[in-house]
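Asker: Just dropping this structure here.
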Amino acid sequence: MHSGSKRKKVEIIALCLSSLLALVFLACCFSLWYFCKRRIAKRKLEKEFELPLYDVSTIARATNNFSSQNKLGEGGFGTVYKGALDGGQDIAVKRLSKTSQQGLEEFKNEVICVAKLQHRNLVKLQGCCISGEEKMLIYEYMPNKSLDIFIFDQKKRKLLNWNKRINIIVGIARGLLYLHRDSRQRIIHRDLKASNVLLDLELNPKISDFGLAKNVGVDETADRTKRIAGTHGYISPEYAAHGIFSLKSDVFSFGVLVLEIVSGRKNNYVFDADQDETLLGHAWKLNMEGRAIELVDENIAESCDVAQVIRAIHVGLLCVQQRPEDRPNMSGAVKMLVNDAAVVDLPQPKEPAFFTGSVLAAGVKAELSPANHSTVSMNEVTITSLTPR
């Protein structure tokens, strides 16, 4: 009887051990399957993106666990942190907020779009991270941050003499020309503005933030959308009013940016309160009266090349004309900026879109009327969603 009881215990122990070994085996199989599945998914994404994928732990370590001390800035889509990879390479990490309106498809759009772009005036995307709700873009780090920090600050804009400003203007123009004509894809940026132009150590410009960029076919001239996304003051009139965007929409934004760089003033700065005259209208008026040089930032007024400044203002005004067909393409804009001989043949710019602040406000207000809009949110002056008429 004692022997039978002992045998039974042995059988129970053997059964338990067998069950335990079976569970361990199944757990190992599941772990191996899960690991292989993630590895295959990672390789598939890396192939799709043509970029390396980073783990969340790697990026968390690089940014000191997303420390507030590493924060470079914050926008509508999320927060940007400075980081350093294990090898010591500095990076900028764009971490999308969980409440961001940039969904997975827009995130993939930015990754795929930027990964294939190679130009000295475009910010370089070095990788990305996708893990659950976490979506991050890893860019090269720009030590001088963005252009708006310089040109709209009374002290810092003194650091930008005319040679540096014209270099920035021409660099932005060449970057846009690459997007519009020379890259493997034909791309409309759709959100060109001072804060989306980053500056490297030598203050060379690099266009960034391609979350709203749109690929267009070689034969496409324009497209239409019901969701207007861009920044108030930089978006073209046909895009704001009717949702029509084209390469000439970027040209308009570039023109606004040129006038801001020359003057050191934001596009909504009011020069004449009685006439509600903002930057575009003021620049056009001075140009018509032969006083364009008066627009220039006082910090560079004494040392700038007058002919070069007047030409840049002229090109800026050509780019912000009301009708898109009147605006030059970026190839023409680059030629006019860098070729002294081309200045003789420059056409006279017509009255710009949004001539006064009240016209601009009225136009946007009309588009935001209850009959015309869906959900609209603004952070500072960035229009994120707007349904046109």
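Cβ atoms here come from the backbone N, Cα and C positions, even for glycine.
Predicted automatically and left uncurated, TrEMBL annotations should be read as such.
Dumping what TrEMBL says about this protein:
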| type | residues | note |
| --- | --- | --- |
| BINDING | Lys94 | ATP binding site |
| DOMAIN | 66-343 | domain 'Protein kinase' |
| TRANSMEM | 12-35 | transmembrane segment |
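Relative to the rest of the structure, where do these features sit?
Answerer: Here the Cβ of Lys94 (ATP binding site) has 25 other Cβ atoms within 10 Å, regardless of which shown protein chain they belong to.
Note on the domain 'Protein kinase' (66-343): mean pLDDT across this stretch is 89.
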